[in-house]
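Annotation comment: TrEMBL describes 66-224 as domain 'Glycosyltransferase RgtA/B/C/D-like'. Per TrEMBL, transmembrane segment is recorded for 12-33, 72-99, 111-131, 167-198, 210-232, 276-300, 312-331, 337-354, 366-386, 392-409, 416-434.
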Amino acid sequence: MVRTHGFLLTRHIRWAIVLALLVNAASLFTPVINEGDSVLYAVLSQHMVQTGNWGDLVLDKLDWLDKPHFPFWLTALFFKIGGVSTFNYILPGFLFHLLGSYYTYRIARMFYGRDVALLALLMVVSTYHLMYTSSAIKAEAFLTGSITAACYYWLRYDARARAKYLLLAALFSAISVMTKGIFTLITIASGLACVWIYRGQWRNFWSPKWLLALALSLLFTFPEVLALYVQFDAHPEKLVFGKTGVSGIRFFLWDSQFGRFFNSGPIKNEAGTPLYFVHVFIWAFLPWVAAFVAALVAGVRAFAGQNQEERAKFVFLCGAFFVTFGLFSATSFQLDYYTVILFPFAIILCANFMQQWLQRDSTPFFVAQIGVLVFTLVLVFALAVYVGNARLLVGLLLMACATVAYAVVQRRYIRPLTAVIYPVVAVCMLYVFLEATTLGINLQYGMAYNLNKLLAQDRSTPVYVYQFDSIVAWELGIYRDAPSVGVQSAAQLPGPGADYILVVREAQIAELSAVLGRTQLLAQRAWVDHKTGTLPRQLNLARGVEPLDQVSVLRVTPP
């Protein structure tokens with residue numbers, strides 16, 4: 001039981017876990033897919049179900065080579081079972097988020113006992129960017145679950161070579177590889193590798209026990225290699241990245257990972273900086289940033305006085321976090337959600353520190369945690385006032401008032417609750433504000449969602465989206481059974497035949513009048529075509545001051 005000076009904190013932690021999970025799970029029921037990349041993932045999975053071709057990744061009738069297959073296979077399976085919907089798109093990623101939370105708990109319990117594990121579980125379900133990536137599903141939700149599971153079973157296999165641990169560890173390692181690429185094995189292996197180096201166990205790097213582990217992990221990735229061979233390597237005549245003779249297997253093993261790291265592959269990004277992920281970590285790891293810094297300082301100070309086993313645990317967690325964090329920081333290809341897969345290891349460090357702090361209750365960390373709490377609350381209410389959404393502001397105020405009332409009742413235990421529980425409430429408020437704001441924007445201005453509502457009585461007429469972001473047509477195709485096609489020129493519009501619906505900017509109607517034939521105006525609306533963007537853009541959209549596209553929806557009878 002988690003206690004501090006006789007105060008039983010366990011019950012409060014459990015209720016805080018329930019609160020965070022309920023707030024997070026509410027995103028499952030959104031009617032809109034929130035992000036452009038998420039729409040892309042959903043469309044690729046939908047194609048598998050619609051065509052029955054589960055081996056090829058195809059986008060707009062073109063072969064697509066970027067990410068491995070596992071997330072698409074799993075999402076397509078959920079689409080096959082429950083139908084194509086936003087709920088069935090988000091659900092598999094959310095379940096992997098829960099899987100990652102569970103194995104974070106298991107690693108923490110194996111290292112430090114049940115109390116630390118419970119704190120780790122609280123932190124992993126209430127860290128902002130983990131909450132966000134569990135609803136805005138991309139590869140990271142699947143990676144977090146598979147990597148933490150693989151690390152847990154490799155730790156068990158390292159201690160005792162049982163077939164159960166070997167098979168499960170190799171399976172989860174293969175899932176991570178089939179989600180993001182061979183580079184994920186570095187993240188999975190770095191913690192144990194650092195421990196072996198610290199202990200001087202150099203033979204482990206080439207021992208039969210671990211060579212078997214590597215071989216089995218690679219063997220379990222065979223479905224991915226086979227799918228890539230069949231789609232690309234067996235067809236060198238296919239045009240990919242503007243050229244023929246592209247090897248899908250080579251891309252999978254090298255270009256998609258190391259090619260991005262060295263910026264030598266077909267997909268490049270020149271904008272990276274060494275401190276980018278440090279800046280990201282400050283907000284992405286809310287509300288536990290101060291706890292992480294304190295845990296590192298405390299761990300380094302205590303290192304010399306610990307026994308070898310305690311040192312090895314600290315080395316494992318730091319190795320698992322900092323090796324990949326350093327590699328990500330060294331590359332120019334950087335996106336804010338990359339480091340989410342490392343958060344469970346940082347969280348276990350934080351949970352161990354927090355448990356020790358609860359026993360001695362030192363003032364410096366308490367002050368730092370108050371600072372994080374106040375910063376988060378000020379940020380939430382400042383943004384809410386800036387946006388001016390009265391209903392949302394009232395809801396946040398009610399949450400704050402309920403928390404204050406609870407704090408008054410429990411005022412004897414203000415320090416532990418302020419350090420552990422109230423930050424969870426604060427980050428839940430931040431998450432609610434940002435998710436509700438994004439949802440409100442999509443419901444009011446999202447082109448695909450509102451087109452689907454507008455055309456609800458006409459489910460069979462094909463829709464052509466003229467010179468908008470490709471995501472509009474892709475997303476509309478998720479909501480509708482009829483074809484939804486993005487076109488960039490008038491020549492791509494249908495010739496004589498059946499009617500179709502055209503979505504076009506008002507200013508472009510005149511230039512198309514010669515090729516359209518007879519038209520009927522169905523609606524004129526002010527919408528946005530690009531779903532994602534910076535926080536300032538999202539806030540301006542929520543305030544109603546961001547420029548919108550003036551869109552016309554026409555029924556066209558070709559000449």
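Cβ atoms are placed via backbone N, Cα and C, with glycine included.
All annotation found in TrEMBL is predicted automatically rather than curated by experts.
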Paired segments the transmembrane segment (366-386) and the transmembrane segment (337-354) in contact, 3+ CB pairs under 8 A: no
Arithmetic mean of per-residue pLDDT over the domain 'Glycosyltransferase RgtA/B/C/D-like' (66-224): 96
Distant-in-sequence neighbours of the transmembrane segment (12-33), which means Cβ under 8 A and at least six residues beyond its ends: 2, 39, 42, 86-87, 89-91, 94, 97, 118-119, 121-122, 125-126, 131, 134-135, 417, 420-421, 424-425, 427-428, 431-432, 435, 439, 442-443, 446, 449, 475, 478
